[in-house]
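Per TrEMBL, the features are:
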- 6-24: transmembrane segment (TRANSMEM)
- 65-217: domain 'Flavodoxin-like' (DOMAIN)
- 71-76, 122-125, 165-174, Asp200: FMN binding site (BINDING)
- 273-535: domain 'FAD-binding FR-type' (DOMAIN)
- Arg292, Thr549, Ser611, Arg612, Lys617, Val618, Tyr619, Val620, Gln621, Glu653: NADP(+) binding site (BINDING)
- Arg448, Tyr449, Tyr450, Ser451, Thr466, Ala467, Val468, Gly483, Val484, Ala485, Thr486, Trp690: FAD binding site (BINDING)
Amino acid sequence: MAELDTLDLVVLAAILFGTVAYFTKGKLWGVTKDPYASSLANASSAKAGKTRNIVEKMEEQGKNCIIFYGSQTGTAEDYASRLAKEGKSRFGLETMVADLEEYDFDNLDTIPDDKVVFFVLATYGEGEPTDNAVDFYEFITNEDVNFTEGNEPALGNLNYVTFGLGNNTYEHYNSMVRNVDKALQKLGAHRIGDAGEGDDGAGTMEEDFLAWKEPMWKALAERMGLEEREAVYEPVFSIVEREGLTKESPEVYLGEPNKMHLDGTAKGPFNAHNPYIAPIAQSYELFSVKDRNCLHMDIDISGSNLNYQTGDHIAVWPTNPGEEVDRFMNVLGLSEKRHTVVSVKALEPTAKVPFPTPTTYDAIVRYHMEICAPVSRQFLAQLAAFAPDAEARAEMTKLGAEKDYFYEKISLHHLNIARVLEIVGKGQKWTNIPFSAFIEGITKLQPRYYSISSSSLEQPKKISITAVVESTQLPGRDDPFRGVATNYLLALKQKQNGEPEPCPFGLSYELTGPRNKYDGIHVPVHVRHSNFKLPSDPSKPIICIGPGTGVAPMRGFIRERVQQVKNGEKVGKTLLFFGCRKSTEDFMYKNEWEEAKEILGDNFELITAFSREGPKKVYVQHRLKERAEEINQLLEQKAYFYVCGDAANMAREVNTVLSQIISEQRGIPEAKAEEIVKNMRSSNQYQDVWS
């Protein structure tokens, strides 16, 4: 065999290199980067090189105002964005919105005093921080908190503003913002304006926010020497229509939440940024009346790395109903362009596009915007400038300016933005509104959380949901106000049970999802862990108060105790107080309670309250009082007390009745009994949660 000389080797190497290069072009090299692709599409890689230093980020971007949010359902994030936009347009502040979990806070003491920091903080559950605020909250409220400079006082340099989002039906109302404000004051920081508080329990969150921000802006302007100017709309995002792409193009997002889902390679961890597309194992109706629906669903998570503990929550990622998507498209004159491909790009470096692009108008509206949510007064005022005629402009201006008029015409009827524009414009198209204004002004479509109604001990890879389908008849409105997620679930249940074209109450949904990726009855979900838990010692007695769908987590608890007995463990006394309208209509899981009784024996008792079967309405709180002596005895045995359901009325009354029982049975003043109940709460012996 002839030997190869140096020249032969060089030529062969060149041929080999050229061959490899040819076949790998566009895969390993020479990849054309889409200049309009949203960073959200590759969020994980984008975050890797980001600084966690607040001061460094503000200086790098030329900002003098940073607005942090702690948000669970998106409202606090929405308020933060609105404050940032208003601060820039009215006062010339260089603002940026920031997620608390993306920064470290040990250098808060180095923020110059010519800058200001906002904290917009929601309180979640029983006084807990939202998921993205946990680390910040633990840091700032720590008794031994340490900062980089060692100043005295530590935060004497810091100017800050606070607004909290809470619900007065819970004991720890707005505890996040109150505790953070207290900690910042203790550290020597200077609050500007009042610490604002919005109350979702009273239904006044939006008006509380609007009433708080005006005097706050005035105080901030005085403190920082700002001059107010006429606010003119300045888009935060640019919208570019992509002529070379169609909805069939593989790189176009049609509702997929991220790049992995687009490519069909979705994998864990599955969380609030990355849902698992879970099969629905079974679904059925729990009520036996035609005008109301309550669903039981079993979600199969065996194909994922998701896990849960009894008492946790499952998040369902809904889609908007087709009728409301059509209404929105029509009133904006976008019906013919609904499948046009667009890219959305942030016009300033700290803004985030809230969904991956390129995508279509239809996908944005269907999968990413809360288009069915009640509209805000402030948003209507902003849209007045784009009205189709002078009459519509005057009406929008009046709605935006007059609180009572807005309530009478809009809030009372729970009108969404498209319905408002239809009414005010009298059928005219609102083609002058930049689409960017809706991306900025409408909250991102959020997952809905439900208490899990199954036991992880019994079925670790199946999660049960128990949910009433929301349908509320409101005065002055032709059709009922219908919940987005529960009606979506109802449509899935109808399809699974044989209806070829499910259309609950005339609403249709894209049940097969983007590119049919949800076909075969699937739903996008993730799990949120909760502190609502059974005692670690199963022999402890428990008292469960769960009327209506408040029975959901209680079903999980009781099924857990049944499984513990099957496993040979000893369980304590278990009382379940359940209430509904009639035993013949909405008595949920009746057969299951009978089965539980067979296994648990005297350690289980169901106490029912059927509110519409007797001459007087009877509720669970009445039944609780009837069992006062036994309840007190169980509490003296350190029984755990659980409440789930209507926080505004039932839960509050149960709390009052419990104090009365302790006072009467122990012969102590009611004030002392209330203190005992409060201590039960703080030690987690008394727990309550929404369903």
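Placed from the backbone N, Cα and C atoms, the Cβ positions cover glycine too.
Keep in mind that TrEMBL annotations are predicted by a computer and have not been checked by a curator.
Since this is a predicted model, take the numbers as computed values, not measurements.
Features as recorded by TrEMBL, highlighted on the structure.
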residue : record               : contacts (Cβ under 8 Å, 6+ apart)
Gly74   : FMN binding site     : Glu370, Thr443, Lys444, Gln446
Ala122  : FMN binding site     : Gly70, Ser71, Gln72, Thr73, Thr75, Ala76, Thr130, Gly164, Leu165, Gly166, Met176
Asn167  : FMN binding site     : Thr123, Tyr173, Asp199, Asp200, Gly201, Ala647
Arg448  : FAD binding site     : Ala315, Val316, Pro318, Val484, Ala485, Thr486
Val468  : FAD binding site     : Arg292, Asn293, Cys294, Leu295, Thr486, Gly548, Thr549
Ser611  : NADP(+) binding site : Gly579, Cys580, Arg581, Lys617, Val618, Tyr619
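Ranked by CA distance from Gly125 (FMN binding site), the binding-site residues Tyr450, Thr466, Gln621 have Tyr450 at the top as the closest. Each residue contributes its Cα atom, and for Thr466 (FAD binding site) and Gln621 (NADP(+) binding site) those atoms are 22 Å apart. Burial estimate for the binding-site residues (Tyr170, Tyr619): highest at Tyr170, by number of other CB atoms within 10 Å.
For the pair Tyr450 (FAD binding site) and Gln621 (NADP(+) binding site), the C-alpha distance works out to 23 angstrom.
Neighbour counts were taken as the number of other C-beta atoms within 10 angstroms of each residue's C-beta; across the binding-site residues Arg292, Lys617, the minimum falls on Lys617.
In this structure the alpha carbons, written CA, of Tyr170 (FMN binding site) and Gln621 (NADP(+) binding site) are 17 Å apart. A C-beta separation below 8 Å, combined with a sequence spacing of at least six in one chain, links Gln621 (NADP(+) binding site) to Met650, Glu653, Val654, Thr656, Val657.
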